[in-house]
Structures are given as C-alpha cells and as structure tokens.
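The structure appears below as structure tokens.
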Amino acid sequence: MWWFQQGLSFLPVALVVWSAAAFVFSYITAIVLHHVDPLVPYISDTGTIPPERCLFGIMLNVSTFLGIATMYVRYKQVSALSSEKPKILRLNKLGLTLGWMSCFGLCIIANFQKCILYYIHVLGACLTFGVGSMYMLVQTILSYLMQPEFHSKDIFWARLAVFLWSCSSILSMFVSSVVLYSGLYGENLVQKLHWDSQERGYTPHIISTVSEWSLAFSFLSFFLTYIRDFQKISLRAVASLQGQTLHESPGSFRAEEQALLVAGSI
C-alpha cells in the first residue's frame with residue numbers, strides 16, 4: 001500500500017496538488033496567450049481573461065469541495081480523540097466553522113473575477129486568507145493542546161511555522177497593496193495587467209504579487225501537515241432506513257422496524 005493510500009491521506013494530498021495545479025495551469029495559459037507579464041503576476045490576474053478564467057474557476061471550485069471534505073475529516077478526528085475535553089471540542093467546532101467560511105471565500109474568488117467585480121473578489125480574498133489564517137491558528141492551538149498524547153511537538157512546530165509564514169505574507173501584501181492603490185501611482189491600477197519595470201509603483205506591485213503567491217503556498221503547505229494524521233483515520237457512511245419502503249411516511253413504522261445499512265468506507 002502506497003503512503004497516500006493509507007487512511008484518508010489522499011484528501012489533503014489531492015487538495016494541495018489540485019490547488020497548486022489550478023494556479024500553475026492558469027498562469028501558464030495566461031503567459032502563453034500574453035494576457036499577463038511572466039514575472040510574478042497576481043494570481044487573480046491569471047484567472048481574469050478567457051480561456052484561463054474558465055480553467056481557474058472550475059479548478060478552484062473543485063478545490064473548495066476538497067477543502068470542505070478535508071476540514072470535516074480533521075474535525076471528526078479531533079472530536080474522536082478528545083471526546084471528553086470540552087475546551088478542545090469547542091475549539092474544534094470553531095475551527096470547522098472558520099475553515100468552511102474560508103472555503104466559501106475561495107468559491108467567491110473562483111467565480112467573481114478581480115477586474116469585473118473587484119469588491120466582491122476582495123471580500124472572497126478576505127474570507128479565504130483572513131478567516132483561513134484564523135483557521136490555521138485554531139488548528140495550531142489544537143495541536144499544542146493535544147501534545148504529547150495525540151500530537152508530537154514536531155507537528156505543532158511545523159504548523160506554527162507555516163502559520164507565521166502566512167501571517168508575514170498577509171502583512172507584506174496588505175502594506176504593499178495599500179501603498180500601491182493609495183493613488184500615488186495612478187488610477188485604475190486594479191484593471192492593469194501589464195507592468196513595465198520602469199513604471200512608478202512597480203516595486204510595491206512586485207512586493208504585493210510575491211506576497212500573494214507566498215500566502216497561497218503557505219496555505220497549501222499547512223494542509224501537507226495533515227497527511228500523517230489522515231493516514232490513521234477512515235470514515236464510514238451509514239444510512240438509517242426509516243422503513244422497508246420509500247412511499248410511506250417514517251411515522252408509520254415502529255422503531256424496531258428501522259434498519260441500518262452500512263454503505264462502506266469513504
């Protein structure tokens with residue numbers, strides 16, 4: 001059995017590989033068609049013009065569902081390991097809520113392009129990266145609280161390092177973006193897809209775009225830390241039949257007539 005076949009470790013692997021492919025494929029397409037500059041464009045700029053916009057959107061929508069599934073499995077795992085620890089259970093529920101909000105933001109990014117609906121796109125980015133960073137913080141705290149009984153110190157330190165990487169990228173991107181869009185370097189820079197290195201504002205633009213790519217890959221790196229944990233978990237779907245037919249109301253059956261059907265491992 002290969003390492004990614006153990007337990008549900010294929011989920012974070014699929015999330016990371018698929019999401020990275022979404023960024024890389026849309027970038028290559030945009031470069032080949034000369035829609036953006038080769039040197040570190042905004043990730044969103046590589047998904048603005050067709051056909052890369054279509055590719056970017058559909059691949060990130062799939063990433064959204066992979067993210068939801070991965071976060072749910074993590075939630076169930078922590079719940080099972082710490083069923084008698086109220087503090088951890090509360091943090092775990094908070095983490096799932098924040099994680100799913102972040103996934104919803106990714107869906108917004110995928111379907112509302114920066115150059116068309118800028119403010120909605122920014123809202124999606126804030127949900128994805130801002131709320132997503134809070135999700136990373138909660139999971140890092142959980143890793144600290146669950147060591148050494150369930151987690152090793154190495155996992156905690158790895159997640160803390162990735163979280164700090166993410167925070168530094170957010171700070172760098174925020175400051176450089178505020179400077180860039182302050183009005184000192186011209187108007188309608190949101191619509192600008194091509195930059196000359198001699199232009200005013202080029203330096204904060206590059207800092208902002210590098211920070212965005214760094215932020216995106218810090219998020220992907222965080223889910224890589226789930227692989228070892230997910231190798232030790234599997235889930236089963238169980239269907240509870242409320243009767244022997246599907247055309248009568250559940251109330252017409254006695255409790256002892258209910259049947260359980262195990263659908264198998266996910």
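Just so you know, glycine gets a Cβ as well, placed from its N, Cα and C.
Source: prediction; values computed, not measured.
This prediction places the mean pLDDT of the domain 'CWH43-like N-terminal' (8-233) at 91. Under the heading domain 'CWH43-like N-terminal', TrEMBL lists 8-233.
The transmembrane segment annotation in TrEMBL covers 12-35 (among others).
What TrEMBL lists as transmembrane segment is 55-73 (among others). Residues 8, 11-12, 14-15, 18-19, 21-22, 25-26, 29, 46-47, 95-96, 99-100, 102-104, 106-107, 109-111, 135, 223, 226, 230, 233, 235 of the same chain lie 6 or more positions beyond the ends of the transmembrane segment (55-73) yet place their CB under 8 Å from a CB of it.
Per TrEMBL, the feature transmembrane segment maps to 94-112 (among others).
TrEMBL lists 118-145 (among others) with the feature transmembrane segment.
Summarising the annotation, TrEMBL assigns transmembrane segment to 157-185 (among others).
Under the heading transmembrane segment, TrEMBL lists 205-227 (among others).
Counting only same-chain residues 6+ beyond the ends of the transmembrane segment (12-35), those with a CB under 8 A from a CB of the stretch are 4, 41, 43, 45-49, 51-53, 55-56, 59-60, 62-63, 66-67, 70, 193, 213, 216-217, 220, 223-224, 226-227, 230.
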